[in-house]
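**Student:** Okay, handing you the structure first.
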Amino acid sequence: MLREARILDAPYLMEDYYSKVIDWGRNNVLAVALGPVLFLWKWENGKVKKLLQVPGEDDYPTSVSWSHDAKTLAVGYMDSKLQLWDAETSKLVRNLEGHHRRVATSSWNHWNGHILTSGSKDKSIINHDVRVSNNVTSCIKAHSGEVCGLKWSNEGNLLASGGDDNVVRIWERSKMSSSKSLHRFTDHCGGVKALAWSPHQVNVLATGGGREDGCIKIWNVQKGTCIHGIDAKAQICGLEWNRHHKEILSGHGFSASGDGNKLCLWKYPNMTKVGELQSSNSRILDLSQSPDGLTVATAGADETIRFWEAFGPSGDEDSVSHLAGLVSLKTSVIR
């Protein structure tokens, strides 16, 4: 089936496996960090707004995460700051204290919308209550390497964390102050940035390992067991579940075997490959899914943002607005 890809130029997009540089909010706006500048790009009409620019040369956004209502954007920085920005007014709401090194990941608890969890190169996971002046409700140091992946479950009761120590941990929301995780998975042999909870089955989590691992693993977190594992033979930089069908999309980076820099679509639960698509000659760094669950955006090391109609029909093509000089349209086979 042919799918149409929109391509945006993304100059100064940082080539960093550990950063989370794009996030697609429920307001249908994509937040994109390009070097020291953070832009908001509206899908319906292609309008671009500059939200912030970091002064100086040594600091820049390293993680972006929309709140559930898409009114607030959490932005983590290279120099350890974590900030909340109002997307409508482009105003800084507040600084959240606690980290001492790069903040490469954050995740909002959508069940409890005032809880934001962040992970850092200082090896800590911090829960913030964004309503109160003393924002830190708990600080956990359980990983022995940088915390590069965080994802709250759809029900908001479990948190998955992935580290550069090659470990995945599962945390219960009600017991995070104890610093004792529910499960500790050590099957990966590379850093774990890619985490994705299944929209079809409660307690099912997909994880992906870095360059030295290249494996996708599916976990039953209720039992603490690995349901399935597949060697994708390439760095896993992002995972997105298809909300309409039981499939999962993986975005890949480096590969010793030459299988990298592509998107792969896998049928769940047997994890057979439905199709693959070469993105470019550069690695895919990050994935984010549209609110309707039909389109996936990828951030590439070739300084592009590409949009793939990966999960379903593209809808009314007449409603798509073209950005002259910025957007080109191509057709590609995804399955």
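Using the three backbone atoms N, Cα and C, a Cβ is placed for every residue, glycine included.
TrEMBL lists these features:
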- 8-308: domain 'CDC20/Fizzy WD40' (DOMAIN)
- 54-95: repeat 'WD' (REPEAT)
- 140-181: repeat 'WD' (REPEAT)
- 277-309: repeat 'WD' (REPEAT)
**Student:** For the repeat 'WD' (54-95), what's the mean pLDDT in this predicted model?
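**Tutor:** In the predicted model, the repeat 'WD' (54-95) has a mean pLDDT of 96.
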**Student:** Do any residues, 6 or more residues outside the repeat 'WD' (54-95), come within under 8 Å Cβ-to-Cβ of it, and if so which ones?
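**Tutor:** Contacts with the repeat 'WD' (54-95): 14, 16, 18-27, 29, 31-33, 35-38, 40, 101-108, 110, 113, 116, 118, 120, 122, 128, 130, 135.
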**Student:** Could you put numbers on the helix, strand and coil content of the repeat 'WD' (140-181), residue by residue per DSSP?
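**Tutor:** So the counts come to 6 helix, 18 strand, 18 coil.
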